[in-house]
Amino acid sequence: MFSIDIQGKSMSLCDPTSKIKQMQQQQQQLQQGTNNGIQKDQQLPNMIINGNSNSYLNNGSNLQQQAVIQQSNHKQSQIKYNSPLSHQQHHQFKIGHQNKLEYLRQQQAQKYNQIYQLDPQLQQQNQMFQQHQYMQNVQMQQQLLYQGNQEVFPPFNQIANGSAQNSILLQQYLSNNKGQTNNSNRENGGNFHSEQSPKSAAGSVVSGNGSNTQFAANILRNSNIIQQQNEFRFQQIQQTHQLLHSLVQQQPQPLSQQHSNQSSQSSNPQSQSPLPLSISSQQPVISMANYFNQPSQQSNSLFNGQQPTMFNSSENFQQKNILYSCVGNPNNPYNHHINNPYLQEKRYYKSSKLPKIKKENKPQQAFSDIRPSSREKSARFHLAASINTILNQNGSTSVNTQNNENMVQTLKGHSYSAVTEKSNIGQQEVNIPTTSKTQTLIKEHSLTNINSASKENNQVTLASNSNQTSKKAYENLMSAENDEEDKLKCIRYFRYNLGQLLHILGKKEIYFSNLNSKKPIKTFASITQQLGQKHMNLLSKNTINIINKVKKIVATKGKYKYRERFNFLHSAQLKSINYDVRKRLNQIQDKKVLSNTKSKDEEESSDDDETPVKSKSNNQNAVQQTDLAKWKKYNRLDPKTKVFIIKGGYGDLRKALQERGWVENPDYFSPCFDLKWTCKVQDIDYDNLQENQVVNHFDNNQTFTSKYGLARNLRTLIHSENIDVYKFFPRCFDLGDLQEFEDFIENFKVAKAESLVHRFKDMLKNGIESIDDKLELKIRLCNEVASRKFIDFYETVDFIFNYDVLPCVSPEEWEIISKDEFQLDNKKIEFYLERLRSHPTFKHLYYSNSQSQKQHMNKRKNSHRISVNHNHNDPIEEESAQSSTSLKQDSLQRFSSKSQELLDLCNQTLKKSSEKDPQHHLNGYRNIWIVKPNFLSRGRGIKCFNSLDKIMDYVVGKETQFVVQKYIENPLLINNKKFDMRQWAIVQDFCPPRIWFFEECYIRLCSVEHNIDDLNNRFVHLTNNIVQKYNKDAYADKDDLMMSQEQFAQYLKETEGRDVFYEEIQPKLKQMVIQSLKSCQDQVGARKNSMEFIGYDFMIDSNYQPWLIEINSSPSMEYSTSITEELVQRVLQDTTKVIVDYSMAKKGTKKNVDTGGFKLIYKGEKQTKNNKVLASYKK
């Protein structure tokens, strides 16, 4: 006995009736509550019927009064318990519960089918068990239906089960008043419900009330009629179950065999053998609701013009009519499963009319009466009907029934890309005229796979077996243009986000259970061998549905939102890497590393030092004015004078505004201004801003100026602009978000394996002394883990969703990959080799045939000869040289085959990575990641790590929110030093945005040469001037750490021989600025007179590919060097030209306004007709 977990629901294989028992208990509780209410009204008649009749007959007057009182009580409760409407509702309620039980059996049958695909032997083992349970359930349903109809009228059973004395009195009294009873029945219409309830009638009879004898007669008469109806209904239901049981057992046949069986059965109806009663071992048992609600195999053939073999003779057509009248007719009041809310989504028809099976001479009308299913949608039916319409318009009436059936099967198989393994469709051809209308119609329904197999005959050929048909459907699905575009979006979105994909597919619990338990290494290769290659080429219908769900999620824009600090103590990921959070925290606290974290987090997040905050007013006696006109009048200014407020060290901006006649308001908190420029967005009161007041920040600008806000919104470009953000933005994860934290852990593990593949490649290429089993295991495992991200996206979803095979790194695999036993540290290896080279016998083991190593060996030989002064003709030396040469040849032959095999494997893995991963070159050899605090600037709190444990030590326990970003391990170096670029830009309005790009940037260099092995040296990796100035040894000439754009462009031109910067780099910078701001335009609080002056940080790799690092709000405007001094003065003067001269000019004169170095590279124009935004690019 074991349990399974499919689609988030747990179910026991050996106990399929657990849900049924639970529903029966609920039904009994409901029935008990109803009977309790009825029993209160039945108490007095039950005492009369089941008690001592002599005592009640002697006290006739008291009984008559009690009967009158009870009669009035029954009249009041007649509507609640005894009206025909209430009985019908009660009956429907019981039938609804039974249909819900059937619905649960249907769901369980679907789960069994998924399990049987994984383990076919399990189907044979549980076949007899399912047969036994199915027959028991059918009998239980029959008994419930029969008993339920008797429980509708409980007084009948009470009268029949009463004392013998009372029953004798009733029979005698009714026999003496037979004529009177018949007359009263005719007067009352034969309906005892019209006057009085059966309970009060029984009481009146026993109490001796002669006027009520007619009701007692009606009770017995109607009870006999209802019993006959129940027996007839029971027989009808029994016939239905037998017919359904035989339908389930019937084997599926190919079309050719079915047509042959039809002809043979029609010619000799007596030769038809009875339907088998045993369940087949090849087809799973399905229930009644499952047969009629699943459009598959034989049930599907009823509605596609295809007749099963059992419905050909006249006798079988009578059975079919019984089946339709008992189960499929919604007009039948006993078929409540059609209107049952539990089966509303599962029912096949929406109307009460059944589809008619057309004759063979009218195949073009086979789709006319089919009602669309509420579960399967209706695309294929509308498509088929439209194709038949086109056939009729074109006069193509030569298509036979068999071709029409094959066309339906083709539409099913290709539209859903899944064909069941048990379908035995023969190889047939469908003639479809390739008109333009047909092609347009097919393209609209995304069924582009129905094409002509050849241009001469225009035919579509079906495969002879299910595997080929499924594979062809899968290939056609992959070749569709729309699906290809959606597939690329999914691949780009989930390329590094495995945790999010597992969460969407509902496999999060399996994912965590995989992390918590150390399982054997389970790779995709082993799964392929276990399941067989045919499963790799099949996509089930569930897989297609889940892929469509994934596509919808990708198409849904992610919203930027604030979130609290993530609690790492509850992460199962930390347990998978053997990271003890509490133990690490205690160690960190003992070393007093966390003593100053709170004070550091409270520092300012701006990139510039602010001037000391002045008082609210220089004149304390002056009253603060809230109206700008009154403030100007109070300060004796012209009403046309413009007023500005600047909070921060922007002296050049202040000077530029004063040159234009603007007056500064010294009160930072005053609402009287035309322009306000601050360092922090918190200094702006957006609620009280006037429409014409200009401010230099947008509300909620953290969507693109914060580190995790930028990373989150850039991912939305995949569906809005179809742009792969990972081509220009290094992958970045927010460690404060649980989903992204899990993505980072898995991505770190895969990147670690790929970095080891790089190092193994160089080691095998340069020569290796020996390859033992452990090293070979690690090399092969690293290649296997690194190549998992290259598996096709649809196959990955199929593995995860259907087989619970997760492409993540298991704890056992990570334990092997993360060990330092075979870590190829250059320093350790060089020391090891130098020590071994001292022994002449083992020289041949450590040298390859490379030219550099041969020269190095010759140098060592010469130096050894000079120091020892050996004779060149010494025979001992010649003998040792010959022996070493022979040993070297033997060793090369011994390891050449295995090392060459492993080297080819590494080359193949890295080649795939370079083709499919846009950030392949960023990974490098060390797997370095850079950790940044979210709201800090100027290089504060930024550190580099290549160890997962060290990253956790630095992050866990701090209140600061961190992001981790992939370090660019192949940066372009200037004089062997790392550098980055600062580029200024201005964005206005945001509805739509207007983006200005400053024509000149500058380069910031590090003061120490680049060395990826020295991760703790901030002067090697951080280019911020505020960081580099603390390096007193190298900061003597600070101008050497800056480079202008012209100098940098000239350096690249001299290096490459062409103008790389202006031809390749700068156009890419403009596009990245545009796309980064467009990604968050619906997240920013758009305002007409708001703007943002921002500074972009870019890096360039060794392939001259620029990468966006971050966007800074209120960038530093300090005169740190002579280069920045000149540029800062220019950019602030030109900023005034944009926000004052250009923005405040009239529409007709804006073209002639000088904007200095700022160029408008993007301007969105509103389209008033459809309220859409059109973008126009300007160079």
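The backbone N, Cα and C atoms fix where each Cβ goes, glycine too.
What you are looking at is a predicted structure, and each value in this text was computed from that prediction instead of being measured.
For Gln965, Lys966, Tyr967, Ile968, Lys978, Asp980, the entry in Swiss-Prot reads ATP binding site, with the evidence type similarity to another entry. Sequence annotations record features per position, and here Swiss-Prot assigns compositional bias 'Polar residues' to 177-199, 614-625, 881-890. Marked as compositional bias 'Basic and acidic residues' by Swiss-Prot: 592-601. According to Swiss-Prot, the feature domain 'TTL' maps to 790-1152, an assignment based on sequence analysis. Annotated region 'Disordered' per Swiss-Prot: 177-208, 250-278, 592-625, 853-890, in sequence order.
Around Lys978 (ATP binding site), the same-chain residues at least 6 positions away in sequence with a Cβ under 8 Å from its Cβ are Pro971, Leu1005, Cys1006, His1010, Val1020, His1021, Thr1023. Within the model, the domain 'TTL' (790-1152) carries an average pLDDT of 79. Non-local neighbourhood of Gln965 (ATP binding site): Lys707, Ala711, Pro730, Arg731, Cys732, Phe733, Trp929, Ile930, Lys932, Ile1109, each in the same chain, at least six residues away, with C-beta under 8 Å from its C-beta. Sequence-ordered, the extra residues of this chain that approach the ATP site, with Cβ no more than 8 Å from the Cβ center of Gln965, Lys966, Tyr967, Ile968, Lys978, Asp980, are Pro730, Leu922, Ile930, Glu969, Pro971, His1021, Met1099, Trp1107, Ile1109. Taking the Cβ of Asp980 (ATP binding site) as reference, residues of its chain lying under 8 Å away and at least six apart in sequence are, in sequence order, Ile1003, Arg1004, Thr1023, Asp1097, Phe1098, Met1099, Ile1109.
Cβ-based neighbour count (10 Å, all protein chains) for Tyr967 (ATP binding site) stands at 22.
Residues near Ile968 (ATP binding site) in space but far in sequence (CB under 8 A, at least 6 apart, same chain), listed by position: Pro730, Leu922, Met1099, Asp1101, Trp1107. Tyr967 (ATP binding site) falls within neither a helix nor a strand when secondary structure is assigned with DSSP, and so counts as coil.
For Lys966 (ATP binding site), the same-chain residues 6+ apart in sequence whose C-beta sits under 8 angstroms from its C-beta are Pro730, Arg731, Cys732, Ala751, Gln919, Leu922, Asn923, Trp929, Ile930.
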